[in-house]
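Written below as structure tokens is the structure these notes are about.
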Amino acid sequence: MAVLSQYDYIFALCTIFSFLDAWNIGANDVANSFATSVSSRSLTMKQAMMIASVMEFSGSVAVGSRVTDTIRTKIIDPHLYDEYPSVLLLAMTCTIVASSVFLTFATRHGFPVSTTHSLIGGLVGAATASVGIEKINWSIRGVSQVFAAWVIAPGISGTIGACLFLFTKHTILTKQNAPRKAFYTIPVYTFVTIGAITMLISWKGVQTRVDLTTKQILKAVFITAGGATALQAFFFLPFIWRKVMMEDWQLRWWMIWRGPWMLYMPLPPPPPAGVSRLNIKDYYRGHLTAEELAYMRASESLLSSVQMSSNASELDKDDDCSQRHILPPPALPLPGSAPANHNELTRARTANDELIPPRPPGPWNSLRVLGWRVNRVLLRGLEKDVIAMQQRKSILTWHIEDMHARAAHYDNRAEYMYSALQVLTASAASFIHGAHDVSNSIGPFTTAWYVWRTGDVPDAVGVPVWILAFGGAAIVLGLLTYGYHVMRNLGNRLTLISPSRGFCMELASAVTVLIATRLRLPISTTQSIAGATVGVGLANGDWRCINPRLVAWIYFGWAVTVPVTALMSGCLMALILNAPRMTPAT
């Protein structure tokens, strides 16, 4: 039985809103990890959700335990509540309530805000109302690091992302035989990514503290990363070579287990009519080059002028027929490397994002109808066409077609190579996110649980596995049900994203979060991926390749997070502490 059982109702509210807070982390922050992969078409929405669910939950349960104490103890000393542990329970509850309510509002309106900083703001408000503003740690190791992180996190990730993309662009993408050169870089980038993950686990430990020397850490990194790269070279690289370089249109994914023996298989026969030998996606479908955009607008302008002239004067049938032939026939391809079907571009810009099938026939309690309802309520995020949603006109889209047209289009085969790498880096980023940010939602909740159960204020709280699983499950559920809402903003609306660009963004973000974890800084993955996206966008060589309006919107969300959550939490805490009470008559 809990020592503070008289406050069961407070802990119950804390549990409910902690789940909501973690749900919002999934709906807001986790979308950042896979927004680039979905926007570049490296992964479909369903594939991204499946991978993210596994990696987020694994990361949260396996290594998500260190940053919890960092956030809680660096902002306010919990021992200020030694004489009144129940007030600490109330403070943690008010913090979580304020954070979860603000995150729900921000997620609903598409603000990619920092969930870390929303909790810090809640702690500041609750502490101000209970122990006084002078007791808060405002130094650079406390609250001030929040404001420093606005510059540090995007600056580091943006610099790393820009350097990675500039190196990739000038040494691979713009060279002859770009697909071949990209193929040879896959093992190198794989080694770096796996090495970063291994280093994270070595630094943080798995559930219990693992003390390793620098030599042991380096040995673990090289053995793990080298072994994973060797397996990739044995199974995956022959598959990629045969699919792209040998243009085997009959190759199937399950043939990857044949390894290098795939290279000795006989070449496939010529494909039938209408089937391409190179059976890969067009990663630039729906994104026009500058020449294609100018051609399309000139055609539309000419069509508009002809229609206006036709409406302004009475023309006989012969004249009207001759004017219609002024326009180029719609089947003509656009100049350069334009897509063969212009109507497909129009559909890409106007596609309906509602891909959920209509209600099946039958009574409401039939299995088919019940299954449809579950899909509609819980898994509707899987059915969203995020790319089509990003093309919608809104106050944040700016001049999206002009912005995309200013970015160079590279060989689609080379982009396919980086598509495979992007899946790896997105998975790594998701794992790191689960390890880093699950503590944001369960940190105050863990403190509240310990105080409610023991009645003591601890120096440090060991986070039970069930609490990590509780937070991880809520994060996954938030991602599945509402992750698409913020994902559409941190995709092609910010800059054109292709697999090569998305890979550089995700690797830069993962390295930045890794550095922050090592230094025990509670930065946000939102700031890291946003900074990396802007950095890679600027590396295109034209500042107009990014959306300054959306960048300002993101920074505005960061700026209001701490004061708004602090005000909400402080008002709620002060209202409860100073509320009038009825005492029984004596």
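A Cβ is built for glycine as well, from the same backbone N, Cα and C atoms used for every other residue.
What TrEMBL says about this protein:
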- 6-27: transmembrane segment (TRANSMEM)
- 48-67: transmembrane segment (TRANSMEM)
- 87-107: transmembrane segment (TRANSMEM)
- 119-140: transmembrane segment (TRANSMEM)
- 146-167: transmembrane segment (TRANSMEM)
- 188-205: transmembrane segment (TRANSMEM)
- 217-241: transmembrane segment (TRANSMEM)
- 463-482: transmembrane segment (TRANSMEM)
- 552-577: transmembrane segment (TRANSMEM)
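Just going by CB pairs under 8 A, the stretch in 6-27, 146-167, 217-241, 463-482, 552-577 that sits most against the transmembrane segment (87-107) is 6-27. Relative to the transmembrane segment (119-140), the listed stretch 552-577 leads the set 6-27, 146-167, 217-241, 552-577 in CB pairs under 8 A. Stretch with the most C-beta contacts under 8 angstroms to the transmembrane segment (552-577), considering only 6-27, 146-167, 217-241: 146-167. Long-range contacts of the transmembrane segment (217-241) within the same chain: residues 183, 186-187, 190-192, 194-195, 198-199, 202-203, 251, 255-263, 416-417, 420, each at least 6 residues beyond the stretch ends and with a Cβ under 8 Å from a Cβ of the stretch.
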